[in-house]
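Below you'll find the structure, written out as structure tokens, and then a few comments.
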Amino acid sequence: MSQTVLVINSGSSSIKYQLVDPETGEAIAKGLVERIGDPVGKIKHTHGDDVTIEEIPIADHEVGMREVLRLFDNKGPKLAEAGIVAVGHRIVQGGKYFDGPAVINDEVRNLIEELCPMAPLHNPAHLKGIDVARELMPEIPHVAVFDTAFFQALPEKAYTYALNAEVAEKYAVRRYGAHGTSHQFVSREVAKYLGRDDLKQIVMHLGNGASVSAVLNGKPIDTSMGLTPLEGLMMGTRTGDIDPAVVFHLARQGGMTIDEIDTLFNKQSGMKGLTGESDMRSVWEMIFNDDDKEAQHKARVAMDVYINRLLKYVGSYTAELGGLDVITFTAGIGENDWDVRKELAQALEPFGVKIDLAANDGRIGEPRVISTPDSKVTLLVYPTNEEFAIARLAREVI
Ligand code: ADP
């Protein structure tokens, strides 16, 4: 077997992993440990066509990681023979410290810990994964790959909020962005695919969480997520952009606490908040169902809000880029939701954007141009692959 990288994404109650060939992106084996800490947890390990599912108690991350190593040993491929050159850890928040991947030593580990207040749901969970994996695989280099690193190259005017400078400095308040590994991977692959580096690109990472970036000649110049992944586009359960004074209003008039408003904005808003459903497939079902006019209207309005937000970002980023060569759609909605792509493209028709409806049709698992040859802007679907990107970056840095 050639060289491989074990990619680990450790969440608060889960560990997602994939053994990746960093040359080709092939996932040699992958799995998910879920419900860590519950009375009964679940592990799914896939190696080729062989799928193993086990339901057993998984007390903590250490037990979970030991189970993963056991499954590799029993179900294959045996890690000792898998040619692992690095373990790549996905880290949500790298703050101002990391503008690229970093080999994890105690200093790097402690900086990730220092950043916990900036990503209270994510960084502590990543640390558990790092600590356990380093202990169990001490002979292999461990690499942290940060979701924020790509956007450390943003110009000052893009990452600075017009907030009192002293307060912003004291509390490290600025735009860090998120999904950076995906935006970097996709924008680079698009440049290769189109055979040009000098591109004015807009990348739309539309998943349950969603963000858009403007990339000029390979460098990010703006992105929609901010201090946290709440800012920007409307998402499955998040508001995206909203007047910050709504917070004061809900606190004063509604007597809501900060934690309640946090939950409301992050988990009970967006598509879910407007329609009751966070998944786009369910929202389209409501739109296409003539039997329930009320739900249909609600869902249509929500979709209009969603598309309109995308449109606003295309407009402002085109102005910032000084023109536009390509819009790329990626992630769950970007790759699979042809109606979202179609409605956005049709709204851009006055600017010479022409979608090829036949090419756009269906779910798209391979890179594909979905605009007509005479469209002023190339529309592209390019599947993202964050595990491949992490594996590649981890191998590069060692
Ligand atoms: P995340 O990684 O942020 O959880 P994904 O990139 O996996 O999200 O995207 C998940 C979302 O993609 C789902 O919530 C759903 O809205 C959307 N999605 C997936 N498949 C389809 C499809 N066939 N049609 C429309 N939307 C889809």
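Using N, Cα and C of the backbone, Cβ positions are placed for all residues, glycine too.
According to TrEMBL, the active site, proton donor/acceptor annotation covers Asp147. TrEMBL lists Asn9, Glu386 with the feature Mg(2+) binding site. According to TrEMBL, the ATP binding site annotation covers Lys16, His205, Leu206, Gly207, Asn208, Gly209, Asp279, Met280, Arg281, Gly332, Ile333, Gly334, Glu335, Asn336. The substrate binding site feature in TrEMBL is assigned to Arg90. Per TrEMBL, the feature site 'Transition state stabilizer' maps to His179, Arg238.
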By the DSSP assignment reduced to helix, strand and coil, which category contains Glu335 (ATP binding site)? helix
Sequence order is fine: just name those recorded positions in Arg90, His179, Leu206, Arg238, Asp279, Arg281 with a Cα within 10 angstroms of Glu386 (Mg(2+) binding site). Arg90, His179
Between Leu206 (ATP binding site) and Arg90 (substrate binding site), how many Å separate their Cα atoms? 19
Mind telling me which of the binding-site residues Leu206, Ile333 has the densest Cβ neighbourhood, counting other Cβ atoms within 10 Å? Leu206
Quick one: pull the CA-CA distance for Arg281 (ATP binding site) versus His179 (site 'Transition state stabilizer'), whole Å only. 22
Under 6 Å from ligand 1 by Cβ, which binding-site residues from Lys16, Arg90, Leu206, Asp279, Arg281? Asp279, Arg281
Taking Cα atoms as reference points, which of the recorded positions Asn9, Asp147, His179, Arg238 is nearest to Glu335 (ATP binding site)? His179
I want to check the contact list for Asn9 (Mg(2+) binding site): same chain, sequence separation of six or more, C-beta distance under 8 angstroms. What comes out? Ile15, Lys16, Tyr17, His89, Arg90, Gly129
The one of Asp147, Asp279, Glu335, Glu386 whose CB sees the fewest other CB atoms within 10 Å, among these recorded positions: Asp279
Using a Cβ-Cβ cut-off under 8 angstroms and a sequence gap of six or more, which residues of the chain neighbour His179 (site 'Transition state stabilizer')? Asp147, His205, Gly209, Ser211, Met225, Pro229
Measuring Cα to Cα, tell me the gap between Asp279 (ATP binding site) and Arg238 (site 'Transition state stabilizer') in whole angstrom. 12
Below 8 Å Cβ to Cβ and six or more residues apart, same chain only. Which residues does that give for Arg238 (site 'Transition state stabilizer')? Gly209, Pro229, Leu230, Phe265, Asn266, Lys267, Ser269, Gly270
Using a 10 Å cut-off on CB atoms, tell me which of the binding-site residues Lys16, Arg90, Arg281 is the least crowded. Arg281
Going by DSSP, is Asn208 (ATP binding site) part of a helix, a strand, or coil? coil
Return the residues near Asn208 (ATP binding site), defined as same-chain residues 6+ apart in sequence whose C-beta is under 8 angstroms from its C-beta, sorted by sequence, else 'none'. Met235, Gly236, Thr237, Ser278, Gly332
